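Shown next, in structure tokens, is the structure this report addresses.
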Amino acid sequence: MTRTITPSITDDDALIEATLRPRALDDYVGQEKAKGNLRIFIDAARGRDEALDHVLLYGPPGLGKTTLANIIACEMGVNIKSTSGPVIERPGDLAAILTNLEAHDVLFIDEIHRLSHVVEEILYPAMEDFQLDIIIGQGPSARTIKLDLPKFTLVGATTRAGLLSSPLRDRFGVISRLEFYTDEELAFIITRSARILGMEIKTDGAAEMARRSRGTPRIANRLLRRVRDFAQVKADGVITMKVVQDALALLEIDEMGFDQMDRMILLTIIDKFGGGPVGLDTIAAAISEESDTIEDVYEPFLIQNGFLNRTPRGRVATKAAYLHFGRIVPEPPQGKLF
């Protein structure tokens, strides 16, 4: 199922994000704590003419990890080489990337938690000592030589920090968690994006769109493009609150930002499993979706906003979920006295 509000990046997102992406920390909206810390670390590194310490960015998808990696390179005045964990299959792949870096360059690895153990072993000395261990020959005659690397900055991004091995995580000097955005921050981002794309948007239209964007800039920008299409064909081209409401009604995105899949998850727990607790794999089987996708993509927003609880016994729909769908909230079971 194709989701308009999935925080995962799509081909359309990749094409347009380059246009909308800020290039400097001062232009980056939100994430004030992470941004403030990075400003200090970047200014200090530039003042000493050193490479920035390695940076780990983690949090739900669509919150700006890739954007921050590019901003770090721009602020440091260096080049950035971007790749992802699944692409680096063999140690030789990583060695080829590392040996092509220049002094102080940024190496950005998205989905860094998906690096294989063998590749990680090559990365440890590269991060810590800026050396690459290369094995020449095979068997008893094999020997290891150390190749010096330029001092570089590794920026790793992950949605699942818990899957990182401790040795890898401990080698990052800067670790920042990105949080969901406020409606006010998203409205500012939407207004800025509309201006860049040459759209006219009213304040109430931006606020309504922000409210339904699930705290995620990537979703906000995607909704903006879909509402722009609606405004062009069904209205006078100006994005107002009424235009946003009508457009998102057609896309089946409700006032909380829920789409069909969110409703399916919560209603399955409520209607089929008595509100829970129910195991993740059981939910996945009931709605024909992958367990990892539910856990990484759908659940964070539902949990953050109090519609779902994750317990040791399984997932439980909250009172807010029952009320949102007009269901009667069940009475808590009465404990036995004897």
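Positions of Cβ are set from backbone N, Cα and C atoms, glycine also.
Straight from Swiss-Prot, the features:
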REGION    1-181  region 'Large ATPase domain (RuvB-L)'
BINDING   L20, R21, G62, K65, T66, T67, E128, D129, F130, R171, Y181, R218  ATP binding site
BINDING   T66  Mg(2+) binding site
REGION    182-252  region 'Small ATPAse domain (RuvB-S)'
REGION    255-338  region 'Head domain (RuvB-H)'
BINDING   R310, R315  DNA binding site
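DSSP gives G62 (ATP binding site) a coil state; it is part of no helix or strand. Secondary structure at L20 (ATP binding site), taken from DSSP and collapsed to helix, strand or coil, is helix. For the binding-site residues listed here (F130, Y181), the lowest count of other CB atoms within 10 A around the CB belongs to F130.
Using Cα positions, the member of the binding-site residues L20, G62, E128 nearest to R310 (DNA binding site) is identified as G62. All protein chains shown were included, and the count of other CB atoms within 10 Å of the CB of L20 (ATP binding site) stands at 18. Cα to Cα, G62 (ATP binding site) and R315 (DNA binding site) are separated by 24 Å.
For R310 (DNA binding site), the count of additional Cβ atoms within 10 Å of its Cβ stands at 15 [all protein chains shown].
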